[in-house]
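Chemist: Take a look at the following structure, please.
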Amino acid sequence: MAIVAVYPGTFDPLTNGHADLVQRSCRLFDRLIVAVAAYPSPSKRPAFTLDERLALAREVLKDMPGVEVEAFDTLLVDFVRARGATVILRGLRAVSDFEHEFQLASMNRQLIEEVETVFLTPAEQHAYISSSLVREVAALGGDVTRFVPPVVARALARRYSGPNRDGDGDGQGG
C-alpha cells in the first residue's frame with residue numbers, strides 16, 4: 001500500500017526550507033500532496049494570491065517525484081481523508097515551533113485518529129527561514145535570493161516594487 005502524506009501550509013511564499021522538506025520527504029513517502037491553504041489564518045495577510053502561490057509551488061516542485069500541489073479550503077483532516085493520506089507532514093524549525101505544532105497534531109489526532117503527524121526538521125542552513133521573514137526582507141528591499149528559489153525571488157521582487165509595494169495587491173500602501 002502506497003504511503004500518501006499531506007504537507008499543508010500557506011506557502012506565502014514557498015522558501016528553500018519548504019523545498020528542502022519536500023525533497024527529503026520524497027524518500028519517505030510514495031506520494032506527497034503539498035496542500036496550499038486557500039484561506040490563510042486571519043492573522044496572516046498573504047502577499048500572493050492562492051493562484052500565485054499554487055503556480056510558484058508547482059514551478060519549484062515540478063521535478064520532484066511523487067509530489068503534487070493542490071489547494072485546500074476545508075478542514076485539513078477532511079482534505080487528508082479525501083486524498084486517502086495517512087500522514088500529515090509538518091516542519092519544525094526550532095523548539096519554539098513545537099508547542100503550536102504539538103497542539104495541532106493532538107487536535108488532528110482527535111479528529112482523524114488513523115492519520116499520524118510526522119515532523120521533519122529542515123537542513124541547518126534553512127532552520128531560521130520563515131515566509132514572514134522573507135516577505136519582510138523583500139518588502140524592505142533586501143536580497144532574498146539565499147532564502148527562496150529563483151522563481152520565487154523574482155516574484156517577490158515584482159510584488160514589492162512599484163505601486164503594490166505593500167504586497168497585498170490593492171495599491172493602497174498598507
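Cβ coordinates are placed from backbone N, Cα and C, and glycine is handled just like the others.
Got these off Swiss-Prot a minute ago, pasting:
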BINDING   Thr10, Lys44, Leu76, Arg90  substrate binding site
BINDING   Thr10, Phe11, His18, Gly91, Leu92, Arg93, Glu101, His126, Ala127, Tyr128, Ile129, Ser130, Ser131, Ser132  ATP binding site
SITE      His18  site 'Transition state stabilizer'
Chemist: Let me make sure I understand the span of the ATP site: among Thr10, Phe11, His18, Gly91, Leu92, Arg93, Glu101, His126, Ala127, Tyr128, Ile129, Ser130, Ser131, Ser132, what is the greatest distance between any two Cα atoms, in Å?
Modeler: 18
Chemist: In whole Å, how far does the CA atom of Leu92 (ATP binding site) lie from that of Lys44 (substrate binding site)?
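Modeler: Cα-Cα, rounded: 19 Å.
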Chemist: Rounded to a whole number, how many Å is the Cα of Glu101 (ATP binding site) away from the Cα of Lys44 (substrate binding site)?
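Modeler: Distance between the two Cα atoms comes out at 17 Å.
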Chemist: State which of the following binding-site residues has the fewest other Cβ atoms within 10 Å around its Cβ: Thr10, Ser131.
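Modeler: Sparsest of the binding-site residues Thr10, Ser131 by Cβ contacts within 10 Å: Thr10.
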Chemist: Counting other Cβ atoms within 10 Å of each residue's Cβ, which of the binding-site residues Leu76, Leu92, Ala127, Ile129 comes out lowest?
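Modeler: Checked Leu76, Leu92, Ala127, Ile129; of these binding-site residues, fewest Cβ neighbours within 10 Å: Ala127.
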Chemist: Per DSSP, Leu76 (substrate binding site) is which: helix, strand or coil?
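Modeler: Assignment for Leu76 (substrate binding site) reads helix.
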Chemist: Should any of the binding-site residues His18, Ala127, Ile129, Ser131 have a Cα within 10 Å of the Cα of Thr10 (substrate binding site), which are they?
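Modeler: Those close enough are Ser131.
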Chemist: Quick check: in three-state DSSP terms, what is His18 (ATP binding site)?
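Modeler: Reduced to three states, the DSSP call for His18 (ATP binding site) is helix.
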